[in-house]
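*Asks:* Structure provided below as structure tokens; questions to follow.
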Amino acid sequence: MDFSQVLDKCGNYGRFQVMILLLYGYTNILGSLHYFSQTLITFTPEHWCSHADLKGLSVEGIRSVYENISAASCTPLLGVVNGSGVVAADRKCRNWIFNRESGYESITTELKWVCDKSHHPAVGQSFFFMGSVVGTIIFGYLSDQIGRLPSLLMATLCGATGDFITSFVHTLPWFAFSRFMSGLSTDTMYYLMYILVFEYLSPKSRTFGLNIILAVFYCFGLMTSPWAAIWIGNWRRYLWLASLPALGVLIYPLLICESAQWLLTKRKYDEAVFCLKKVAKFNRRQVEESVFDEFVKYYRERESQDYKLNSHEDTFLAMFLTPRLRRFTLTLLVKSVIITLSCDVINRNMEGLGSSPFKLFSFTSIVYLPAGVAILLLQNKIGRKGMACTALFVGGLITTATGFMIAHLDPTENALLLAIMVALGRFGATVSYDAEIQYAAEIIPTSVRGQAVSNIHVIGLASSSLAFYVIYLAQFYKPLPSIFISCLMFFGAGLCLTLPETLNKLEVARNLGGWRKVCLERELPLLSLFFKKRKKC
């Protein structure tokens, strides 16, 4: 009696699953507040060099003064003559006038990190990215060594601590250090909780449970975070809002338990049984003791069979030893680069579109709801492969159209149309991203799922460092970033066609030995070609 059969008896979509899905939703809110905090705290509004003659003028009045002056943000004035500014040569700005968004004080406006200090927020962004790469590797490895739950708690609290420390900094070195610490949990807290929930849901309920919860709770976090920042009015207090709720994860061990499938890969059969009994009790199911005895017996026998095929401990690198799994792994890595870079460029490119970046980001985040519903309605019908391929292809078409609209339309007169196109672009990117993580989790064996998913995300996060350079392509031709991203998305759609369909067709192997066993079993009817085919598994 395997895990899915016992979980069915204990309840694979009962009260326990509802509880773990709600905690998954809470984690998504934490993740949304944390991930985009870097953007919100370093927002740089329109600004000009301050001068006594500019006092009392409206924003439009200041703009008219600087109308014929290039680099108005960093050009000091001798004075204002006949409504026009007179440039002061060989001087530097010491103070600025900021056109704050609803009075919001960012770290850029408070510490005056503009002009010759404008690189300071970028330094923090770089260290945040470095931390995300290091954290994904470390916590992904720990999740397969000490368990999903303790790794999740450590990652979440580590990132929240980084945010909290950031709220007290005044210098660049401390800002870089705190952002590095904050970045350690970026994406890690999300996918570790995803894996934990994934392993306690039946395959049929995964699409509904995971994607609807993601759509509702992550969307809520994204839509409210810009307004929360404006309402609080200060970047330091916003970081308190983003970090302190992370203490709520400390109650997770009281409500849920470790992944039983992970415990099985570590041969901790008694602990796996304990977790399943907890699930049954929470779901008010009565399960006979003989069921658990058969369950343990089944996996002990399976362990001895797997040992004959695989006597070494499973690692991520071992996934490259068999041609078939190596091809799948490389495809997932490349696809992660394409999807993550596309999402990052589309989500962060909010300026110069005729609308407030805060409001545009908030309103277009509503697309997470229809994106989750689209996955729910289509993924179990057209399959994982069809969903991933279609989302990337359609997203590529929308992104191309948006780029040409930006090039040929006046943003101030067509702000609504551009906002709609940005929303559609985020919709396609969101569907692609959400479909990708479930697809990867179903293909990768349980014993290396934490490491593999984390490494796939590391490669994707590494590609995010190229987002600035992609956006910079607009300096040569405005639609070029959109064309580049759309080409990547088309290529990614083609890559999806090379992956196997996992909907009701591919059983997720428990370990790499299981992959070899599946390969051997598939080739038994072809005895004459047995050895030749075995090499291709």
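Backbone N, Cα and C define each Cβ position, glycine as well.
Residues or ranges marked as domain 'Major facilitator superfamily (MFS) profile' by TrEMBL: 76-504. Look at TrEMBL and you will find 122-142, 149-168, 180-201, 208-232, 238-257, 328-348, 360-378, 390-409, 415-435, 456-477, 483-500 tagged as transmembrane segment.
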*Asks:* Report, as numbers and ranges, every residue of the chain located at least six residues beyond the transmembrane segment (208-232) whose Cβ falls under 8 Å of a Cβ in that stretch; write 'none' if there are none.
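*Replies:* Sequence-remote neighbours of the transmembrane segment (208-232) are 13, 17, 21-22, 24-26, 28-33, 36-37, 40, 101-104, 194, 197-198, 201, 238, 241-242, 358-359, 361-363, 365-366, 368-373, 375-376, 379, 434, 438.
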*Asks:* Who are the chain neighbours of the transmembrane segment (390-409) in space, where the CB to CB distance is under 8 Å and they lie at least 6 residues beyond its ends?
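*Replies:* Contacts of the transmembrane segment (390-409) (Cβ under 8 Å, skipping residues fewer than 6 from its ends): 338-339, 342, 346, 353, 378, 382, 417-418, 421-422, 424-425, 427-429, 431-432, 435, 477-483, 485-490, 492-493, 496.
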*Asks:* With a cut-off of 8 Å between Cβ atoms, can you find at least three pairs linking the transmembrane segment (360-378) to the transmembrane segment (415-435)? Only pairs 6 or more residues apart in sequence count.
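*Replies:* Result for the transmembrane segment (360-378) with the transmembrane segment (415-435) is yes.
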*Asks:* Where does the mean pLDDT land for the domain 'Major facilitator superfamily (MFS) profile' (76-504)?
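*Replies:* 81, rounded to a whole number.
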